[in-house]
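A quick write-up on the structure given underneath.
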């Protein structure tokens, strides 16, 4: 009888090519949800669609169920197609073969599925016919991750090579990165990452059901890239310069190496990473799973721990930075996160928050009890939606690009005074790689309005933010004699001017201090003291030939830069 099917053709090569997954593999079935694929069945006699019993069964995860959307049993039925439950239709037949076109819903859970068939008349027999992997589909209009422009899909889903920006706002550098999302075994590693996340280990049935949502998957991946929770996170972060038992974060250039090392070492964390490494690896995972993703760098990035939109900076009376005493607020030379493209019907029916969403896998602050961040809608950040229930972590990301820097000076007696408030420096040159080229794309205007036009709607402002009086008795300005070059000495010139009508006697100290890109001060590398006499409304320049500061950099983009007072 026809029910004793001797073989099934999964048409892996043909299906994968149509689903744009043939770069992943051609010897296993990998499809994108919401898009049909074909299966051919071989029988000993002709299949009669109106008389013969035949159904397919797909299921993912343990204890799969129809109610949770992780299992579907379906046969030939009317109304099959996009936006419907799993279904199929007969698309061709001969005396001993018939081909079914299978339709997956555009909101199917992503992951590894078991595929089987039910045959027979009175008692059906279930026969396994293989497995398939279902991914998100940015080509399908019904999928939450649908991206309309083909050139953007090629860049943010299909491109395996990219650029990451670092340095500081005056000296932006780019580094090449191999995302490698279609390399052999990366898809299996990404699915393993989902399977070992704590939510799955606690309740795999619920976790697999929730994988229909890119919002949920994005948060899981954000948490799993770092190893700062009780999980099997991929990368352990380190910022103190001690990397002897691992790899210096600046030496990585490929996500593939990191993911493979994590997988081969039984999901033990890879040592070590910093923000650009965390972001690059997350970009690889997201693109592999089918979610459009890009790496974004924010220069002069604020880390506001108490969400008051203020970053307090402390110095002693010699102008040297002090370690923070009442919090961990800091300003990073640069900070790197990712943006993922998706709809947000979970927070708005009108689609006003659809589009790019910030996700940050670098472990900075906890979100709902774990070290993850986002997805925070970029549109909500632009509008300052910090007091609403827009999920997730909008206030923290808003502060990263908008916080005010309040500088405090500690006196020898232990008291402190506020001497300046800077409302413009944070959040500059927010950058990502341009579509289809190696040019830098500045997307700052997507995060913030021009200075002086800050979004005020629903924005929290501290009461303790009064300005320091504008008048200053002595003005000082530091100028670069020559443009600094990474790996070379720097030369600076200090100009001072007396704004009063009386002479001023100054005891001038010049200090240089090393600082990590995360805003943590380290070594005091230079000190010089001079006595100056300034005439009324007069100025002096500490010339470069007499007073040049020389500081040798270890690696500009990796560890230190110099600030002088």
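The backbone N, Cα and C atoms fix where each Cβ goes, glycine too.
For residue 275 (active site), the Cβ neighbour count at a 10 Å cut-off comes to 27, with all displayed protein chains included. Residues or ranges marked as active site by TrEMBL: 275 (among others).
Note on residue 335 (active site): other Cβ atoms within 10 Å of its Cβ, all shown chains, come to 27. According to TrEMBL, the feature active site maps to 335 (among others).
The annotation active site is assigned in TrEMBL to 360 (among others).
Sequence annotations record features per position, and here TrEMBL assigns domain 'Transglutaminase-like' to 267-363.
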If one measures from the C-alpha of residue 360 (active site) to the C-alpha of residue 275 (active site), what distance in angstrom results, rounded to a whole number?
9
